[in-house]
Amino acid sequence: MDEEIPELRELRSIPVTPRGLTPAISAPPSQLHSPSLTRSPLLTPTGGGGGGGIKTPARTSGARTPLRTPRFMTPLASPMRRAVVSMRGYLEDVGHLTRLDPQDQWLPITESRNGNAYYSAFHTLSSGVGFQALVLPVAFTFLGWTWGIICLTIAFIWQMYTLWILIQLHESVPGTRYCRYLQLTMATFGEKLGKAVALFPTMYLSAGTCTALIIVGGGSLKLFFEIVCGPNCGSKPLTAIEWYLVFVCLAVVMAQLPNLNSIAGISLIGAVTAVIYCTMIWTISVAKGRLPGVSYEPVKAKSDIARVLGVLNALGIIAFAFRGHNLVLEIQATMPSTLKHPSHVPMWRGVKVAYLIIALCLYPIALGGYWAYGNMIPPNGVLTALYAFHTKDTARSLLGLTTLLVVINCLSCFQIYAMPVFDDMESGYTSKHNKPCPRWLRSGFRAFFGGVAFLIAVAFPFLSSMAGLIGGIALPVTLAYPCFMWALIKKPERYSAMWYINWGLGCLGVLLSILLVAGGIWSLIDTGLKLHFFKPN
């Protein structure tokens, strides 16, 4: 008690106290902030002189003077002792004993801490399922039925385990919350090494995904206009670059919402649209039947090296489908947390529901898309195959609705993946000036990021087809680093099962990442003649 209560003066950002959970305080309000409480007067014996008598405060008519704490050992059952115990329970219940960075109350990720299990499910589902699921059938063309299903299942189980690890490590040190992935890596590996191994992959994953969303979303806008306008449309269509710009403008306008909790509704819309269009795409593809002459034999490569690198590229595509671990700690940071009600409970509850739905989306679209198109599926995935092979025998309304849902989902996913970048930008300002970022500057930061992502999308319009390379670079964030962090923070007994599991999976993840990056680079070089810089289609 002597050491914990003075820390209250250092706190600035504190979760809102839930109504109905505040325990009764038997001490008068004037004593709750009394300096005497911080010096443990109850344990201080009476000083010498004066006969050791108890001084009773004088009472005046019409006024009540607060009682001073008596300077002798208070009995356990005394009112003051009960007051101190009650206040301690109150502070533990509302989480005041958790040390929080005052700067957190100014940043987009931790500005609001009223999240719950529903928000967790919305954000996780929005970030966990999307356009990357549409490329999964391409991985099966290299792996075949058996190995495709096995690899997809192993990756799903592995990433669920590392997801659980991150949720548990959010408050692994008593009194501290690691609200960002980078904070946890620096606390585990040291500041320099933590930044070196995690800063680039996490920022690359956020910015690279936003750029790919611009490409997919802008291209889908262009396709939606063509479907709605029809083949006999007389209006002059916009170019691909102009559609990219339209998408970026819409995304930047939506990005003006202040913090991560404020976009929970947008994440819900993104999650619902992703589930609907994934279901529509594989349902239409399966209903139309297999294409004539479809084959399920793995793609024949020119050499053994090419075949191995093709398999690695397929594994990278599967790894990219399970991106989103760089947002787990950030999502959990939006929740209140107390000793009696820790944040990992509602977070894990929401994640379990979200990933059950994600599995119900990924497996059907991977298996159904591969069954319908086999080795004839285009490199860009099952959505491109739907328009390439079923434009004439599918209603325009269904094609248009599917495309519109893809656009809405891309706009929604852009918000949650851009939030770590916004948070990093504003963190630099608040650290330097020790005050919150002005509203006009916050809007400027977000517009600037949208402009940079637009330029990258125009310069590298083929980025959305580089799922294998992106997956390889981001794989340690998802599958390797959490295992190392658990082993270093929790320190399981040497040579125990948990020790072998975490060190083994961590080392395997790093090795696999190196191989996947090599496979992705090979794929890029192999198709280099088909890539056109600054020429989006």
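Every residue gets a Cβ built from N, Cα and C, even glycine.
Keep in mind the model is a prediction, meaning the values are calculated, not measured.
For reference, TrEMBL has these:
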- 1-71: region 'Disordered' (REGION)
- 1-12: compositional bias 'Basic and acidic residues' (COMPBIAS)
- 34-45: compositional bias 'Low complexity' (COMPBIAS)
- 114-521: domain 'Amino acid transporter transmembrane' (DOMAIN)
- 117-139: transmembrane segment (TRANSMEM)
- 145-167: transmembrane segment (TRANSMEM)
- 196-221: transmembrane segment (TRANSMEM)
- 241-257: transmembrane segment (TRANSMEM)
- 264-285: transmembrane segment (TRANSMEM)
- 305-322: transmembrane segment (TRANSMEM)
- 353-373: transmembrane segment (TRANSMEM)
- 398-422: transmembrane segment (TRANSMEM)
- 443-463: transmembrane segment (TRANSMEM)
- 469-489: transmembrane segment (TRANSMEM)
- 501-525: transmembrane segment (TRANSMEM)
Stretch-level contact, the transmembrane segment (196-221) and the transmembrane segment (145-167), CB cutoff 8 A, at least 3 pairs: no
Proximity of the transmembrane segment (443-463) to the transmembrane segment (305-322), 3+ C-beta pairs under 8 angstroms: no
Surrounding residues of the transmembrane segment (145-167) on its own chain - C-beta under 8 Å, 6+ positions past either end: 136, 139, 181, 184, 296, 314-315, 318-319, 321-322, 325, 328-329, 332, 344, 347-348, 351, 355, 359, 362-363, 366-367, 370, 478-479, 482-483, 485-486, 505
Best-contacting stretch, by C-beta pairs under 8 Å, relative to the transmembrane segment (353-373) and drawn from 117-139, 264-285, 305-322, 398-422: 117-139
Contact check, the transmembrane segment (398-422) vs the transmembrane segment (264-285), 3+ Cβ pairs under 8 Å, seq sep 6+: yes
Same-chain residues near the transmembrane segment (501-525), Cβ under 8 Å, at least 6 residues beyond its ends: 158, 161-162, 306, 308-313, 315-316, 319, 466, 468-473, 475-476, 479-481, 483-484, 486-487, 492, 531
